[in-house]
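Data block below; observations after.
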Amino acid sequence: MDTYMVVGNPIAQSKSPLIHTMFAAQTEQQLEYSRQLLEPGEFDAAAKTFFAGQGKGINITMPFKQDAYNFADELSPRALSAGAVNTLIKREDGSILGENTDGVGLINDITDNLNWTLSGRKVLIVGAGGAVGGILLPLMEQNPAEVLIVNRTASKAEELAARFASMGNIRGAGYGELSAAEGGSCSAFDVIINGTSTSLTGDLPPIPPAVITNTSCVYDMVYGAEPTPFMVWAQNHGAAATADGLGMLVGQAAESFYLWRGIRPDIAPVMAALRQSQ
């Protein structure tokens, strides 16, 4: 039987085995999906052993996305633009393709599930880490009017924006760009995406409420049983809509499943089941 797995550290909390098991049942695919905890330096050996057997694909979570990027024999355009791999695919000739489905998972959630518009909109992205790098190609393909990436280290945001400058109006800056007191513009945005992990620790990124209006749609890549701290903050300052990252998680998993099996699962019942189980 074809086997798949997700690797990371930590990994016990991963919902990927549950998600892919539901996808397999829904689409009547025969497969096994497990999780494996790896220590730093163990990725290459584990992947080689897995693919030498019945292994057909691996999902990769932190901190091994760079290891997977280096392990792949070939990289997709999405993986190249992200600089990271979250999905490995064993092809018919035995070679390994590296893919990144994080960005398409997020964009599909925003445009298809939430029905928010990105085209022609002003978009603020908070953070400039690996999670943000993975979403910029599909985001820029939506033709937003303007994208501003803000990060504690301004140079990191600037470097990230520069990689996608040929695709449209995108720039990077420090958090001070949003503060009138520090000479910034302090303007409002149509869509705000939190790509930091601050909500996991109950914290907030240092951005002013003035970025939100009563038409702003606010997305936190983090998810949980309750609205995240970033969502609550946005709601308290009058945002029109807020969402957490569960749809992104299920969406990137659905894209991985499609790349592996050639069938697109319906994510709606899986989303509903995960919400009920939280």
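Just so it is clear, glycine is given a Cβ too, placed from its N, Cα and C backbone atoms.
Just so it is clear, the model here is predicted, and its values are computed rather than measured.
Taken from Swiss-Prot, the feature active site, proton acceptor covers Lys65, and the record attributes it to sequence analysis. Residues or ranges marked as shikimate binding site in Swiss-Prot: Ser14, Lys15, Ser16, Thr61, Asn86, Asp102, Tyr223. Under the heading NADP(+) binding site, Swiss-Prot lists Gly127, Ala128, Gly129, Gly130, Ala131, Asn151, Arg152, Thr153, Ala154, Ser155, Lys156, Met221, Gly245, citing sequence analysis as support.
Positions of Swiss-Prot features highlighted on the structure.
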residue : record                 : Cβ neighbours (10 Å)
Ser14   : shikimate binding site : 18
Ser16   : shikimate binding site : 23
Thr61   : shikimate binding site : 18
Asn86   : shikimate binding site : 30
Asp102  : shikimate binding site : 29
Gly127  : NADP(+) binding site   : 22
Gly129  : NADP(+) binding site   : 14
Ala131  : NADP(+) binding site   : 25
Ala154  : NADP(+) binding site   : 17
Gly245  : NADP(+) binding site   : 24
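Long-range neighbours of Arg152 (NADP(+) binding site) (same chain, six or more residues apart, CB within less than 8 Å of its CB): Gly174, Tyr175, Pro206. In this structure, the C-alpha atom of Asp102 (shikimate binding site) lies 23 angstrom from that of Ala154 (NADP(+) binding site).
For the recorded site, Lys65 (active site, proton acceptor), the DSSP three-state label reads helix. In the three-state DSSP assignment, the secondary structure recorded for Tyr223 (shikimate binding site) is coil. Across the annotated binding residues for shikimate (Ser14, Lys15, Ser16, Thr61, Asn86, Asp102, Tyr223), the two most widely spaced Cα atoms sit 18 Å apart. For the binding-site residues Ser14, Ser16, Thr61, Tyr223, a Cα to Cα distance of within 10 angstroms from Gly245 (NADP(+) binding site) holds for Tyr223.
Residues Gly127, Ala128, Gly129, Gly130, Ala131, Asn151, Arg152, Thr153, Ala154, Ser155, Lys156, Met221, Gly245 are the ones the record ties to NADP(+), and the longest Cα gap between any two of them is 26 Å. Among the recorded positions listed (Thr61, Lys65, Tyr223), Lys65 has its Cα nearest to the Cα of Lys156 (NADP(+) binding site).
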